[in-house]
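Everything below concerns the one structure shown next.
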């Protein structure tokens, strides 16, 4: 172990090494103590002068220096071979206790870090901030220098390493090489690294020439430090002219380090800057300080300057702590205090002030002297007094301490009022009470709360002792009565207890009810549940039960369904076929119980609910309907398995089922056309059929009419019968036509009438003959069946004419078999002899004429029905045919009538005459001939025209038909109005000579109280302006009389007239004939000849 004896007045650092890691025994001289500190695995032994317990100068032991970090040491102890000689570590501590003047001996403050006992009453450091250690900054400087050297391809030398660790490594002997330098040189540094190393050494040597600083303007808490910049000394210029740079680089920073422990102890940096002076602030009065300056340039630290020592001046003491009360009575208070830091001058007296209990903030002195306690007398009981303290020495009076309020004692308090209950719990009671009346507010009163449990037999026991006016008594029994009383006491004694107050704890919440059960049968929409009360009611009666219900088995959502005192409940409004869960909890004064076990109930299913009415799909047919429907909104708790469709007829007949199955549509057949049917739907599930839906009325499509009822016949004569019938059911469409069949037998009947009338006449019948008649109806849907055939018998008539009358011989006439008697036996014959009266004979076939004139010729005339002579009458005129419009346009109507080809020859016996109503209301003939068609031209567009037709032949002209009205279509709307006024002519200007123009005119009636009424337009005419003039011409219209075009010469151009179809055909035929003749002529002339 390396050791060396030394003498020091303060802490010293001696490096030691132990081979086994234990601390060797160290001899401590008298008056010193040793302390072991371990930091980062390195143990340090500090030898410190023993702190005296008494300060001769009257210095307060409370004034200690603040704790500072440990002394500066490297983080590791290097091997002795790698460590440079450190002679400065073995120097004695200058400025120790032995070097200080006698007047400053009591002001020496050792560092707390070396003391094992630290007082907790130490005072602040006069507002001085903690010094910043320089090791971190120097470590960063070393890292920057190392990086700079590494960029140039070199590593830091041993000198740089020691310089980065505080600049102390530069104080070793220059002639002694270091291990680091030898190692680097042995590795082969290049020339650039050596040059940089030399420049750093030269700069460091220059920065180390800084002079000793000078301290001026020393005050109690600060001073001014100044110094001069480093300069080149003559010795350095002669010895190493090549190493020292010719001038100082800029800028240069200066770091001021200060230490109040010792010259060679830890220094803290208080200033860093470029100025050559610094103001040291926040220093301690009457304290010895050591200061040095160090120059820094380009991350290179120079050696520190010589240490300058100075001592701050003394000043007034520090403000003392507030005095405290050591004892007191009703009229006196004993106050004590501790001495503050004297700041270099012994405290001579203390100044104690008080406000005399007035509370106005004005203080008067009540004591002045060197003692550290004082008894204040003649005070009022239970009164508040404020005190403050100041210290005085030769330098002045310190600031006053904080104000402290002290209260004198008072008499025994009066008995307080009984306690009140704030809140009661199951196992606790919160009580409060009031301060005894008449007690001063300044009196410190304490309270004792006593409690007695009813029936315990232990009497009143204390439950609380303190100064609060409320208390919560815990660990009580539920629903139990307790007695309480309170007593007050102070320093003078204890009062009598208050009157007894009784309070009861709250009951506990009851236990959960038993699991509910079902009572009776479960219905589709309700069930009855019952339960038993809880086994433990918690100390109070159950006030109500609450039933909750959840739909489904998930139990996510619960709803309240009952709340009351009963032990059973009927759950209503349920859905059939659904699962429900029910649970119960009860409530009492103690609160709400836990939930009971869950009861699960499944309601039975019911038939489905009412369905929506079925609806028609597509178009209604005559005999069948396609229906479709949807499922019911309510399935009754079970899926729908079947549907039933019922239909009721139009005569409110009973409904019948037309479909039953699981499908959602059906086709209903066997219906009557044109009828309205009411359909109703119902659904079924496992529980049965549900109610019928509302009826849906659907009307079938139209069909052929129903059979007509039996017609009625009425005989007007033996040969004429009137047949009439009633309108049958049209089956959705009106009857448009009827067909009547007539015949002597049911199998040989023929159609005798077809038309819309409800009666007809059948003529040409035989008298006393049986005929059969039946009627058939027709509508747009088709032909209905024939109705029932009716037998009709014509009445009897006169006999038929006698045939084959001839003379057998003179005076005798014979006939053949008797003629038809027409339903009645022949009673007589009449023989007409000309001018003589008819001769009546009996029902014989032969008769002898008598009384005749001889040689006279007689002409036997026949009766009304005989065939004595033949008379042929003309046929009746023909009936008019039915007129139809087969084609129409905006100016033409093609009409057709009768049966036959459209064109006929002029030799046809049947001719037709077509008449049309003109604008004056007269019917004029527009066609007359044998054709069955005719095209009416030059009509107005969108105009109704009235026609009638007549047929005639050699028998004469038949009657006119009923009036038919046909309307032309709307033509092109390319006309524009050119004139409107009362004139019957108009002239147009600016027309193109090479264009054709169409014109039409209509008359407008002007009414006073009604809008204008426009009549139909006249036929359209086409006019062209004369080509002789480039511009000019006009057109005028004058109503139905015609139209004209005015040209330059005054000539009137007639309107063009279109050719008819016959004329066009004739012209084409003539053209072909002329061409044929020309071709034949050419062939004859050029080919044959």
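Backbone N, Cα and C define each Cβ position, glycine as well.
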Could you tell me which of the ranges 990-1022, 1023-1055 is annotated in TrEMBL as region 'Disordered'?
1023-1055
From 226-249, 250-273, 274-297, the residue range that TrEMBL assigns the feature region 'Disordered':
226-249
Helix, strand, coil residue numbers for the domain 'Fibronectin type-III' (415-508) per DSSP?
0 helix, 43 strand, 51 coil
Restricting to the domain 'Fibronectin type-III' (877-971), report the mean pLDDT as a whole number.
86
